[in-house]
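Chemist: Can you keep this structure in mind? I'll have questions shortly.
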Amino acid sequence: MKRDYYEVLGVGRSATKDEIKKAYRKLAMKYHPDKNPDNSEAEEKFKEANEAYEVLSNDDKRRRYDQFGHAGVGSSASSQGGPFGGGGTGDLGDIFSAFNDMFGGGARGGGSPFGFEDVFSGGGGRRSRSAGVSGSDLKIRLKLSLEEIAKGVEKTLKIKKQVACDVCNGTGSKTGELETCPTCQGTGEVRQASKTMFGQFVNIAACPTCGGEGRVVKERCTACHGEGIKQGETTVKVNIPAGVEDGNYLTLRGQGNAGPRGGMNGDLIVVIEEVEHKIFARRGDDVVYNLTLSYADMVLGTKVDIPTLEGRVKMTVPPATQPNTVLRISAKGIGHLKAPGRGDHLVRVNVFVPKDPSHQDKELLKELNKSVHMVPDEKKEHEKGFYEKVKDIFS
């Protein structure tokens with residue numbers, strides 16, 4: 001029985017073309033016959049990866065495969081396909097790029113001709129697959145406040161999705177049993193031989209009767225109409241780390257839609273949506289708060305209560321603080337996603353200018369303005385360049 005092409009390459013069903021190409025090249029370099037002489041198992045894995053890549057790298061074939069499984073691309077993906085195979089029509093750029101990775105860099109450097117450091121680094125695990133077609137991935141958006149993002153949070157999500165039918169236990173059969181497909185005798189494949197002037201060719205395709213599963217439902221379950229799945233609701237707990245950003249996503253393996261007739265579950269993709277805060281702005285892992293003070297407080301200095309993500313804290317504003325000065329409260333910002341520690345809480349200080357001062361206020365200001373200390377020194381103001389002033393704002 002053919003394995004699921006996404007499983008062969010070790011990628012999810014929502015994988016991008018670049019992710020598919022990267023996964024394929026890693027497998028092709030690992031199992032290439034030149035690196036595994038007289039190894040029949042490696043040869044089969046190499047052919048399998050070629051076949052999967054030929055389908056998933058082609059938009060039309062991938063669409064048909066996603067909709068109909070192996071039956072939708074039966075005649076197009078032979079075991080010899082793919083950019084390294086005899087019958088494939090893969091991207092020539094991939095061919096030369098992959099061969100250069102395999103045989104180029106290492107040989108020029110005098111080391112291993114295969115560059116094992118690159119070949120075997122990184123990578124991800126593959127998921128095992130039970131019988132049946134895989135369930136589809138499920139994508140949801142999760143709104144988070146800045147307070148939740150700052151520390152990380154555990155969320156319990158109620159999700160509507162396809163679940164295994166509880167009447168037939170997901171088999172799709174009224175009796176709970178599946179029978180061997182009479183067309184392919186349980187192999188999931190059909191073979192067609194044709195003779196040409198070059199010899200006999202055998203084309204292997206997914207069985208049209210069972211869709212490549214090797215089993216068929218004789219007596220369908222009436223609750224799920226033989227599909228083995230139905231619409232349901234489930235609860236999932238997800239741990240969101242501190243420091244995530246809008247658009248980041250987490251993939252929960254096997255938490256997506258159930259596969260028909262015992263097929264493996266798809267993945268649940270949780271996309272983060274950051275809710276705009278009422279009084280704070282985010283700048284990386286720092287939090288910015290705008291504080292407006294009176295002219296007197298700016299000149300004389302003062303102590304104020306400052307709101308932060310963890311509550312209010314006391315902060316001293318020094319005398320002669322200039323407009324747009326940024327004061328820093330360390331480690332009161334957002335937790336770093338990929339490192340220990342937290343960002344800072346930045347307080348940008350500005351002066352309050354009354355729009356409708358009283359007559360008495362105006363007279364007092366006129367008297368105050370007579371002082372030489374209250375009039376800006378134009379020469380000193382222009383001694384600092386523009387970029388130095390900007391630097392002062394964000395220092």
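Quick reminder: no glycine exception, Cβ is built from N, Cα and C everywhere.
Below are the features I grabbed from Swiss-Prot:
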- CYS165, CYS168, CYS221, CYS224: Zn(2+) 1 binding site (BINDING)
- CYS181, CYS184, CYS207, CYS210: Zn(2+) 2 binding site (BINDING)
- 4-69: domain 'J' (DOMAIN)
- 165-172: repeat 'CXXCXGXG motif' (REPEAT)
- 181-188: repeat 'CXXCXGXG motif' (REPEAT)
- 207-214: repeat 'CXXCXGXG motif' (REPEAT)
- 221-228: repeat 'CXXCXGXG motif' (REPEAT)
- 152-233: zinc finger (ZN_FING)
Chemist: Contact between the repeat 'CXXCXGXG motif' (207-214) and the repeat 'CXXCXGXG motif' (165-172) is defined here as three or more C-beta pairs under 8 Å separated by at least 6 residues; is that satisfied?
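Modeler: Output no: the repeat 'CXXCXGXG motif' (165-172) is apart from the repeat 'CXXCXGXG motif' (207-214).
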Chemist: Please compute the mean pLDDT of the model over the zinc finger (152-233).
Modeler: 87
Chemist: Out of CYS181, CYS184, CYS207, point to the one nearest CYS224 (Zn(2+) 1 binding site) in space (Cα versus Cα); all of them are binding-site residues in the record.
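Modeler: Looking at Cα distances from CYS224 (Zn(2+) 1 binding site), the smallest one goes to CYS181.
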Chemist: In sequence order, which residues at least six apart in the same chain have a CB under 8 Å from the CB of CYS210 (Zn(2+) 2 binding site)?
Modeler: CYS181, THR183, CYS184, GLY188, VAL216
Chemist: Other than CYS165, CYS168, CYS221, CYS224 themselves, what residues in this chain have Cβ atoms within 8 Å of the centroid of the Zn(2+) 1 site's Cβ atoms?
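Modeler: Close Cβ neighbours, site residues excluded: ASP166, VAL167, ASN169, GLY170, THR171, GLY172, SER173, LYS174, ARG220, THR222, ALA223, HIS225, GLY226, GLU227, GLY228, ILE229, LYS230.
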Chemist: Between CYS207 (Zn(2+) 2 binding site) and CYS221 (Zn(2+) 1 binding site), how far is it from one CA atom to the other, in Å?
Modeler: 22
Chemist: According to DSSP, which kind of secondary structure is CYS168 (Zn(2+) 1 binding site) found in, if we only use helix, strand and coil?
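Modeler: Once the DSSP labels are grouped into three classes, CYS168 (Zn(2+) 1 binding site) ends up as coil.
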Chemist: If one looks at the chain holding CYS165 (Zn(2+) 1 binding site), which residues at least 6 apart in sequence have a CB under 8 angstroms from its CB?
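Modeler: Looking at Cβ-Cβ distances below 8 Å from CYS165 (Zn(2+) 1 binding site), excluding near sequence neighbours, one finds GLY172, CYS221, ALA223, CYS224, GLU227, GLY228, ILE229, LYS230.
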Chemist: Least buried of the binding-site residues CYS181, CYS184, CYS207, CYS224, going by other Cβ atoms within 10 Å?
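Modeler: Looking at the binding-site residues CYS181, CYS184, CYS207, CYS224, the Cβ with the fewest others within 10 Å is that of CYS181.
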Chemist: Taking the centroid of the Cβ atoms of CYS181, CYS184, CYS207, CYS210 (Zn(2+) 2 site), which other same-chain residues have Cβ within 8 Å of it?
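Modeler: The answer, listed by sequence position, is PRO182, THR183, GLN185, GLY186, THR187, GLY188, GLU189, VAL190, PRO208, THR209, GLY211, GLY212, GLU213, GLY214, ARG215, VAL216.
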